[in-house]
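Asks: Just lifted these from TrEMBL, have a look:
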DOMAIN    18-413  domain 'Major facilitator superfamily (MFS) profile'
TRANSMEM  21-40  transmembrane segment
TRANSMEM  60-79  transmembrane segment
TRANSMEM  91-111  transmembrane segment
TRANSMEM  117-138  transmembrane segment
TRANSMEM  158-177  transmembrane segment
TRANSMEM  183-201  transmembrane segment
TRANSMEM  228-250  transmembrane segment
TRANSMEM  262-281  transmembrane segment
TRANSMEM  293-312  transmembrane segment
TRANSMEM  318-340  transmembrane segment
TRANSMEM  352-376  transmembrane segment
TRANSMEM  382-403  transmembrane segment
Amino acid sequence: MTQPTSTTTPSSATTRRITPSAGRAWLIAAFAMAAVGWGANQFAPLLSLYETSRGVSTAQGQGMFVLYAVGLVPGLLLGGPLSDRRGRRHIMLWALALSVAASVVLAVGAWTTVVLYAGRLIAGVASGAAFSCGTSWLGELSAGSPGDAERVPRRATVAMTAGFGLGPLAAGLLAQYAPAPLVAVYLPHIVLAAVALALAWRAPAPTPAAPAARAKGLGTPSWRHRRFLLLVLPVAPWVFLTGAVALATLPGSVGALLGDHLMLFTGLVTPLPALAGVLVQPLARRLRDRSRLLNVLSLALAVVGLLVGAAAVHSTSIALVVVGALVLGAAYGALMVSGLTEIQRLATPHHLGRTVAIFQAAAYVGYLSPFFIALIARAVALPHILVALAVLAGATAIWAAVIDGRLAHTVTR
């Protein structure tokens, strides 16, 4: 659970308030994205607790995950374009406020579980808005010193991934050991997001271009570019499919071995994909100018991770679940950098928010994979499903390599 840029040198109309004195202002945007990412994924290890203590069924839990995605998509598709017009910070402030509200509502779920659905829906809207504008805002705040723009995809990925990993880790530990766990698990995020909101309130706010300036600089929308349609979008769902399988599918496959310790194990395993996603960043950074190799390597990691996952389920191996989570997390991190780097090359500042939003919406299609995997698993063995997904990932890698070669010289702005 549970994540996904700004980019080239922004126009003067977009960045007139950004100066070298802004220094590390981009850290505020990164912290805000991490805080929202924490809230997005903190729910992942808690389902077993709700099942045992509040009688929530597996089907109800899956419905809560679907509601997160239902809120996420409009948050993405509305937040990006609105941030292009109203400014990135403006949308991020609303996203952080919604993220705090979501955790408050989820904490109330300790007494009445029906509000969990509302909490997950609000969390989805907050995440969509934050991730669609956050990467763009981080890029604008990175424009103060030479070379910073090239680091934006990596910074955005690390920020989201840190939140995605630390949120469920803290939630799993608190759920296992804290008093009143169904309330305590949400308190760290409420504090963290409130601090991020206070910092963002005082952060630099690049001035959006005036309507006339936007119209003059629009050109062909980057989301209609052939590379975006034929390369970025087909690869995008694998970004969060890899992480979702590692978080929601693999840990439960060894539940019979863990008994009462399943929740603790899930809480400890869920940060592993995020950790691997961060550790793979130096390699992804070195390959960012070799897009074909980066795409193929990222999808190859997905293939290996899915095959290891299939072996883990088949053998009921805790060790292989851990290895599979790490490999799938590395695939997630590399795929996110690859997609955001492509957008950095294709999008103008005027189209950036919407382009990132469309990419993130396509990426989050993969976040729904555990729900559909669970449905298919009623008729098909889970290892076979994971092997089939590995084959599809391999086919996507071949497609990406061919398309990248054919469109290698079409990156224009």
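Just so it is clear, glycine is given a Cβ too, placed from its N, Cα and C backbone atoms.
Not measured: the values here are computed from a predicted model.
Mind running through what each feature is packed against?
Replies: Residues 1-3, 68, 88, 92, 95-96, 99, 102-103, 123-124, 126-127, 130-131, 134-135, 137-138, 141-142, 144, 148, 155-156, 158-164, 166-167, 170, 188-189, 192-193, 195-197, 199-200, 203-204 of the same chain sit 6 or more residues outside the transmembrane segment (21-40) yet have a Cβ under 8 Å from a Cβ within it.
Listed as Cβ neighbours of the transmembrane segment (60-79) (distance under 8 Å, sequence separation of 6 or more from its ends, same chain) are residues 2, 40, 43, 47, 50-51, 91, 95, 113, 116-117, 120-133, 248, 353, 357-358, 360-361, 364, 367-368, 370-371, 374.
Listed as Cβ neighbours of the transmembrane segment (91-111) (distance under 8 Å, sequence separation of 6 or more from its ends, same chain) are residues 29, 32, 35-36, 39, 42-43, 50, 54, 75, 79, 82-83, 118-120, 122-123, 125-127, 129-130, 132-134, 137, 180, 182-183, 186-187, 189-190, 193-194, 196-197, 200-201.
Distant neighbours of the transmembrane segment (158-177): 1-4, 29-31, 33-46, 49, 131, 134, 138, 184-185, 188-189, 243, 247, 263-264, 266-268, 270-275, 277-278, 281, 332-333, 336; these residues of the same chain sit at least 6 beyond its ends, with a Cβ under 8 Å from one of its Cβ atoms.
For the transmembrane segment (183-201), the residues of the chain that approach it from at least six positions outside its boundaries are 28-29, 31-32, 34-36, 38-39, 42, 46, 89, 92-93, 96-97, 99-100, 103-104, 106-107, 110, 167, 170-171, 174-175, judged by C-beta separation under 8 angstroms.
If you look at the transmembrane segment (228-250), the same-chain residues 6 or more away from its ends with a CB under 8 A from one of its CBs are 1-4, 41, 44, 65, 164, 168, 222, 269-270, 272-273, 277, 295, 298-299, 301-302, 305-306, 309, 312-313, 321, 324-325, 328-329, 331-332, 335-336, 338-339, 342-343, 346, 355, 358-359, 362-370, 373, 382, 386, 389, 393, 396, 399-400, 403-404, 407.
Long-range contacts of the transmembrane segment (293-312) within the same chain: residues 231, 235, 238, 241-242, 245-246, 249-250, 253-254, 280, 284, 287, 320-321, 323-324, 327-328, 330-331, 334-335, 337-338, 341, 382-384, 386-387, 389-390, 393-394, 396-397, 400-401, 404, each at least 6 residues beyond the stretch ends and with a Cβ under 8 Å from a Cβ of the stretch.
Listed by sequence, the residues of this chain that lie at least six past the ends of the transmembrane segment (318-340) yet keep a Cβ under 8 A from its Cβ atoms are 3-5, 135, 152-154, 156-157, 160-161, 232, 235-236, 238-240, 242-243, 245-247, 250-251, 253-254, 257-258, 265, 269, 272-281, 283-285, 288, 291, 294-295, 297-299, 301-302, 304-306, 308-309, 311-312, 356, 359, 363.
Beyond the ends of the transmembrane segment (352-376), by six or more residues, the same chain brings 1-7, 58, 62, 65-66, 69, 72-73, 76-77, 79-84, 88, 128, 131-133, 135-136, 139, 221-223, 228, 232-233, 236-245, 247-249, 336, 339-340, 343, 346, 382, 385, 389 to within a C-beta distance below 8 angstroms of the stretch.
Only residues 6 or more beyond the boundaries of the transmembrane segment (382-403), in the same chain, are considered here, and those with a CB under 8 A from a CB of the stretch are 227, 230-231, 234-235, 238, 241, 245, 249, 253, 292, 295-296, 299-300, 302-303, 306-307, 309-311, 313-314, 369, 373, 376.
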Asks: Across the domain 'Major facilitator superfamily (MFS) profile' (18-413), what does the pLDDT come to on average, as a whole number?
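Replies: Here the predicted model's pLDDT, averaged over the domain 'Major facilitator superfamily (MFS) profile' (18-413), is 86.
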